[in-house]
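As written in Swiss-Prot, here are the features:
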BINDING   Gly40, Glu41, Asn42, Gly43, Ala44, Gly45, Lys46, Ser47  ATP binding site
DOMAIN    8-247  domain 'ABC transporter 1'
DOMAIN    258-504  domain 'ABC transporter 2'
Amino acid sequence: MVENNIILEMNGISKNFPGVKALDGVDLKVKKGTVHALMGENGAGKSTLMKCLFGIYRSDDGEIVLGGKKVQFKNAKDALENGISMIHQELHPVPHRSVMENVWLGRFPVKKVFGLGIVDHKKMYEDTKDLLGKLKMNIDPNTLVSKLSVSQVQGLEIAKAVSYNSKIIVMDEPTSSLTENEVTHLFNIISDLKNQGVAIIYISHKMEEILKIADEVTIMRDGKYIGTWEAEGLTTDLIISKMVGRDLTNRFPPKENTPGEVIMKVENLTSANNKSFKDISFELRKGEILGIGGLVGAQRTELVESIFGLRKIETGKIYINGQEVKIKSPINSKKYGIALLTEERRSTGIFPVLTVGDNTIIAGLDKYIDLKFVVNQKRGMKDIKNSIEKLNIRTPSHATQIKNLSGGNQQKVIFSRWLLTEPDVLIMDEPTRGIDVGAKYEIYSIISDLSKMGKSIIMISSEMPELIGMSDRIMIMCDGRLSGIIEGEEATQEEIMKYATRFI
């Protein structure tokens, strides 16, 4: 009999790489029909532990027990066939195939016709329809995957896992690209899976989600097992202190900036793109952190991309230091001292195969090109080294490919890139998305220091504690319209939500 309904035990798992002890005697016990959150900063060993479970890595020590039997999977396929599935943060379905073909890829049902085995499309359709129905997903099995939303693709991956009769499903940052309604739907699916006895290993940095969905929480730090707790008795501060290894006194730096005169003024801005936002007016002061809040779909990103020159404006005016400016492209924006850190760091922020050094200076290459149109390596290297030192970028070398850095260090490189262009206004779209709690504080400190230096910050964030903790004022959008502006020190989550839903 399986003790305490435990379906999976990982006991004393250790894994060494040359010069690095990635896992040091880690334990994980997961119960049937529960959501078990696995938490830790980037580099804590969560991914390595899951790779040991899936047979991608072979552990150097320890044992894995599944359903009371000791196992050692040869590869991910072996794990899948034994009832363990994983839904990755980066979803990779086959876009130009149907939903049902993606679900049953590599194991299409076959029927005999004149002695020949051919794909039984009718059975595949019916099986997929039944599967999606059980998950309360209203999708035609014949729909091309390329036509699905992100949440529907995620649902497809869950359906695929269920089709393997998975006893355990690992979900890695499953809500990172979902709207609030889509998150609610995902949680409903997870609840149904729990009722069917499926165990969910849930990896996320989002504290409020963990406290809402998880039954138990296991925390790792520096490749070590810190402990497992029932989620019901935990708080956000307690989780963070266990993750970072110190008591949490302040999640955000103290506000020591003093906003000065108006540096940017936006008047009656309306988008040329089907009026996705309309009649937006606001002011930004020197040294101010202006937060922008709102639900997904409020058109916050569209607004800041239009200010930066990435999108066309139909009507309205932008003033910099009292002078009206026409910003038609990011090159114009840079000339007027405006920088933009985009929301999607991996796809539009970094150049993944370029080095840390190249990513640092790429926005200001004109500074390093001499009269012979040759890059002045000495001048470039000086700025690269200064940036790495000032922003405490943790990298083996400036020649390391940026894709090998953690999310927090990648974000610091993007900060350094734009700081070298000497901007007066920095627009940041979700600057801490996908970054662990320890690195978040470092990013907050950089933003705070920049505001104290007189830099003006526009910061979009979907995390209300972040908006309240960092902003001098919070501008809230709803359905493409400005619904209110609140002083940061007076803001509450309830008031932000009231304005965020004002026009819905």
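Glycine too: its Cβ is placed from the backbone N, Cα and C atoms.
Looking only at the domain 'ABC transporter 2' (258-504), the predicted model's pLDDT averages out at 90. Shown in sequence order, Met220, Asp436 are the same-chain residues outside Gly40, Glu41, Asn42, Gly43, Ala44, Gly45, Lys46, Ser47 whose Cβ sits within 8 Å of the Cβ centre of the ATP site. Secondary structure from DSSP puts Lys46 (ATP binding site) in a helix. The Cβ of Ala44 (ATP binding site) lies under 8 Å from the Cβ of Met220, Arg221, Asp222, Gly223, Met243, Asp436, each of which sits 6+ residues away along the same chain. Sequence-distant neighbours of Ser47 (ATP binding site): residues of the same chain at least 6 apart with a C-beta under 8 Å from its C-beta are Asp172. Cβ neighbours of Lys46 (ATP binding site) (same chain, under 8 Å, six or more residues apart in sequence): Leu38, Met39, Gly40, Ile203, Met220. Close to Gly45 (ATP binding site) in the fold, though at least 6 residues off in sequence, lie Ala22, Leu23, Val26, Met220, Asp222, Gly223, Lys224, each with a CB less than 8 Å from its CB. Counting other C-beta atoms within 10 Å of each candidate's C-beta, the binding-site residues Gly40, Gly43 are led by Gly40.
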